[in-house]
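Annotated features in TrEMBL:
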DOMAIN    15-405  domain 'Cation/H+ exchanger transmembrane'
TRANSMEM  27-45  transmembrane segment
TRANSMEM  83-105  transmembrane segment
TRANSMEM  111-138  transmembrane segment
TRANSMEM  150-169  transmembrane segment
TRANSMEM  175-199  transmembrane segment
TRANSMEM  206-225  transmembrane segment
TRANSMEM  260-281  transmembrane segment
TRANSMEM  301-325  transmembrane segment
TRANSMEM  346-369  transmembrane segment
TRANSMEM  381-404  transmembrane segment
Amino acid sequence: MDQVALLLVLLLGAVVTVPLGERFDLPAPVLMTLIGAGVAFLPFAPTVDIPPEFILPLVLPPLLYAAVQRTSWRQFTAHVRPILLLAVALVFVTTAAVAAVAQFIVPGLPLAAAVALGALVAPPDPVAATAVAGRLGLPRRLVSILEGEGLFNDVTAIVLYHIAIAAAVSGTFSWPGAAGALVLSAVVAVVVGLALGWLSNKLMGFLGDATLQVGLSLMVPFVSYVLAEELHGSGVLAVLTTALFLAEHTADADDVMGRLAGTTFWEIIDILVTGVAFGLIGLELHNVFGTEDGRLPVLLGWGALITAVVVGVRLLWLLPATWLAKQLHTRRDYDEDIPVSWRETVVMWWSGMRGVASVSLALAIPLTTDQGEPFPARAEIVFIAFVVILSTLVVQGLTLPWLVRRLGVRADADAERELEHSLAVRAARAARHRLREIEEVEELPEDISERLLRGSYEVGARISPDIIEEDRREWYTRRIERGRTVRRIQREMMSAARHEVLAARSEPGADPEVVDRVLRHLDVRSLR
């Protein structure tokens, strides 16, 4: 099995694990990690030969960009305090705690190397968090906080990691220099992200065609990451800034084709890249565990202790942080939902799985220092990191669905239905208001006007039947059912038309380009 075949296996696994995870109520990233580990220990499996410095820029940009498509700047600002307490403060606290314990248990481990270990295991993985939390039916506020934490904690951790690695490699460290590098990295990233977001928005408007816009959107996160890194900024923060800018400024309500194409494309990218990334984690386990046979019990003990520190610090931090966020919320008039129950706090605690970023940072540790000496305790750091990643990803990932069910933490279905009802009412009112505006400038026949008015009610009724008055609900329900029957028959008619046109592709003298053009016209009509 060569590298290309291995990649194809991972891509196939990425697709297959999605329905398997839904069927067995297991997170797809965890299943992919286990599949990767199983493949890695096969006797004919090749050694993974991907330069570690390529993993982060190839995997994180598209995954972060796809994750931002599911959130918004308003959602982030609504939960900014708990997100910052987790994505910034908790990363610093976890890094410090891990560094202190690692220095104590690993003989001769320098402080800078210990901080590097703490930084690379500190951030919960944004991909694992969103993949697991999104499918468990958790309260929306909880999912928003976990997504926000996962998106922004990599920024803090990666900057800390680079500062620690630079100190370990050079043998010197300056607090003012480190603080300056942190500020410069953030400023450069935000400037690059905003500039590229503005430019990309203009280019998308210029391109017009949905296919070209989707193609441009694929390049944007990579360009943002690489450009920021070249200018000594945070590539992760630049990608997030660009994605948030585009999410707020490219929302065209009438761009139906662009929205459908873009959403489908990024869902596919998200599934494939997530699967490959977590499959690589499993594949790397064979390499890491196979090089330390002689000291395996000692290293496993160190890894278990660091894992306990990582998991324990998160719980000890969440308890006062949640209380503080609640106090700030009650004292100020902010429209913000804070998870205050102990059940939600426990779920947040157990959702701190490590993943792609931690693996990439561990493998990217230099082999030597500037003096040509081996990087201090590199093998031990990488081994401990993988124990933490595997323990949190597999143990927490597999048990989180059970824990959520056991604690009864679920989304507020009534609140979601209320919001859905409110949006249905607003949609119907907007449609009627626009109809009245048109009738003021155009003279419509009475039957057409009446038909359009009924259609404005149906706009909202199809979303939420509760908006219809009680005495007319049964009549509208029958009408909607008749409409569904008509649309079902229309779909079958259009399907027959598409099959007929598609069959012409194999007929002599039929130009495939013309056939595809007619088929595309039928496809577009089917979407209406």
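Here the Cβ of each residue, glycine as well, is placed from N, Cα and C on the backbone.
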Query - Recorded stretch, among 27-45, 83-105, 150-169, 346-369, maximising Cβ pairs under 8 Å relative to the transmembrane segment (260-281) - result: 27-45
Report task. Spell out yes or no: are there three or more C-beta pairs under 8 angstroms between the transmembrane segment (150-169) and the transmembrane segment (27-45), with each pair 6 or more apart in sequence? Result -> no
**Report entry** Intrachain neighbours beyond the transmembrane segment (346-369), with Cβ under 8 angstroms and 6 or more residues off its ends
**Finding:** 29, 52-53, 55-56, 59-60, 63, 116, 119-121, 123-129, 132-133, 138, 142, 145-146, 154, 157-158, 161, 165, 168-171, 277-278, 280-281, 284, 310-311, 314-315, 318, 322, 339, 375-376, 378, 381-382, 385-386, 388-389, 392-393, 396-397, 399-400, 403-404, 407, 409
Query raised in the report: What stretch of 175-199, 206-225, 301-325 shows the most Cβ pairs under 8 Å to the transmembrane segment (83-105)?
Result: 301-325
